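A short worksheet on the structure shown next.
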Amino acid sequence: MGIKHLFQVIQENAPDAVKSGDIKNHFGRKVAIDASMSIYSFLIAVRSEGQQLMSESGETTSHLMGMFYRTLRMVDNGIKPLYVFDGAPPKLKSGELAKRTARKAEATEAHEEAKETGTAEEIEKFSRRTVRVTREHNAECKKLLKLMGVPYIDAPTEAEAQCAVLARAGKVYAAASEDMDTLCFEAPILLRHLTFSEQRKEPIQEIHLNRVLEGLDMDRSQFIDMCILLGCDYLEPIPKVGPNTALKLIREHGSLEKVVEAIESDPKKKYVIPEDWPYQDARELFHHPDVRAADHPECDFKWEAPDIEALVDFLVKDKGFNEDRVRNGAARLQKNLKTAQQSRLEGFFKPVAKTDAEKASLKRKHDEKLQEQKKRKKEEAKAKKEAKAKPRGAA
């Protein structure tokens, strides 16, 4: 899940922190990728007629299809991916995981009912909600990556936290995940949409943590406190506290301790803090996650030549993939992993920082654009209301 509405908060208050661009812009870069999040997205997105792809024996293959072709796309564009798999979840996350399991059980029941009485759209909707990544999915993806010559490592707990460690140490350029909590783990740069399909035509979003903190006028501790208020994987949010309120409360009070104190002493009782809300524990998990140091032996990785025949055996003979496509993909892997070794020019030039005036100008333009959008929406809503109120047959 990550952090609710965090991207919206960043877009509205720190627009200079987000850069959108083409995948080709990342040529020659090493990137640590949140494997579990990627596999989950493959299981949801890689489908045929609303159903997951299956082998002749009835085994799901969507995760393998996604992992093979999306990794191939990255390597074709000169990126050197390193996948990081989740370990055991922190104890504090068990409550959120239990809720997700319950929601999936409800979705499974609704899916079965939809198959009997529902439309094709309802069947697909509930089918997507039943998706979960299993140990078998992870094991098969690890096997595939090994045969492709693409490295992976196992994190002690949260993959995003381990990706952040590698990015801070300079072993990779960035951490890639759809989970915004990667920024809470102090990833200097977060890439989103990197493992999306080419057909979706979604630009790669590059989010810089230092610019986020600068734009929000917060230090990292305040940023983490705001993210906990927004709602994270470890705690449910405080009812009625939305993104604007969370930002306002941290800016006004400076820390969660003072926010909690202000809420509890408010005679109007505008907000009610949940009975079991151990925010200090959640904060500790963001500040001191269970990770391995970047120079730990288990964080060593290298890219190797693909084992083409073993890939064909696994994907074609075992999983029913098209042999010509697999061989063609393996040949591209072999060629392009070598090409990705070329240095980027940015290694020789220091980027020029924006002046305060340039930053203020960017912020002003963004604010003006937001105001214009709000004004247009207000006018459209007013026009709709007037159209409804107009009596039928009136000229």
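Glycine is no exception: its Cβ is also placed from the backbone N, Cα and C atoms.
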Annotated region 'Interaction with PCNA' segment (source Swiss-Prot; candidates 287-295, 332-340, 341-349): 341-349
Recorded Mg(2+) 1 site member, picked from Asp34, Asp217, that accompanies Asp86, Glu158, Glu160 in Swiss-Prot: Asp34
Further Mg(2+) 2 ligand in Swiss-Prot, beside Asp179, Asp181, within candidate set Asp219, Asp225, Asp233, Asp266: Asp233
DSSP-derived class (H/G/I helix, E/B strand, else coil) of Asp86 (Mg(2+) 1 binding site): coil
Within 10 angstroms of Asp181 (Mg(2+) 2 binding site), Cα basis - binding-site residues out of Asp34, Arg70, Asp86, Glu160, Asp233: Glu160, Asp233
Cβ-based isolation winner (fewest other Cβ atoms within 10 Å) among the binding-site residues Asp34, Asp86, Glu158, Glu160: Asp86
Distance check against Asp179 (Mg(2+) 2 binding site) for the binding-site residues Asp34, Glu160, Gly231, keeping those with Cα within 10 Å: Asp34, Glu160
